[in-house]
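Engineer: Before anything else, here's the structure in question.
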Amino acid sequence: MITTILIPVMGSWSDKIGRKPLYIGGTILMILYAFPYFWLLQQGSVTLMIIATVIGLGIIWATITAVLGTMFSEIFKSNVRYTGITLGYQIGAAVAGGTAPLIATALLAEYDNSYVPVALYIIITSIISLIAVWVVRDPEPLHD
């Protein structure tokens, strides 16, 4: 619910400050929040679990997901845009998103249910995302 409300707000904000800065900011927040998120989950409080999830998936994720579609469309020229967006997003989702639960579960099993390796995995994947977005060319400014 929170993300649904914040996506248009973040989209509007990205029109003012740019998609790249908003995505980079969200990714940095994800890096900084990886350890506090799992710490909050392990406190045994339903209230803290809800707060942790709202912050992580409701607020921080909204800054990232709100700009993806527009940012992707600005990366590709119009003659290859649909193919580029579709292949890039779907392959990335399958490789990274599809394997993430398996990797997280394996890390938990290998490290005696410690959340530290999973938090580090989130940090590493966020850094990869940060580097990828950093090298994306900025779109040409629009003129009215």
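Positions of Cβ are set from backbone N, Cα and C atoms, glycine also.
As annotated in TrEMBL:
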DOMAIN    1-141  domain 'Major facilitator superfamily (MFS) profile'
TRANSMEM  21-40  transmembrane segment
TRANSMEM  46-72  transmembrane segment
TRANSMEM  84-109  transmembrane segment
TRANSMEM  115-136  transmembrane segment
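How about a rundown of where these features are and what they're close to?
Structural biologist: The average pLDDT the prediction assigns to the domain 'Major facilitator superfamily (MFS) profile' (1-141) is 93.
Within the same chain, residues 10, 13-14, 48-49, 51-52, 55-56, 60-64, 66-68, 71, 115-116, 118-120, 122-123, 126-127, 129-130, 133-134 sit at least 6 positions outside the transmembrane segment (21-40) and bring their C-beta atoms closer than 8 Å to a C-beta of that stretch.
Long-range contacts of the transmembrane segment (115-136) within the same chain, counting only residues at least 6 positions beyond its ends with a Cβ under 8 Å from a Cβ of the stretch, are 20, 23-24, 27-28, 30-31, 34-35, 37-39, 41-42, 71, 75, 96, 100, 103-104, 107-108.
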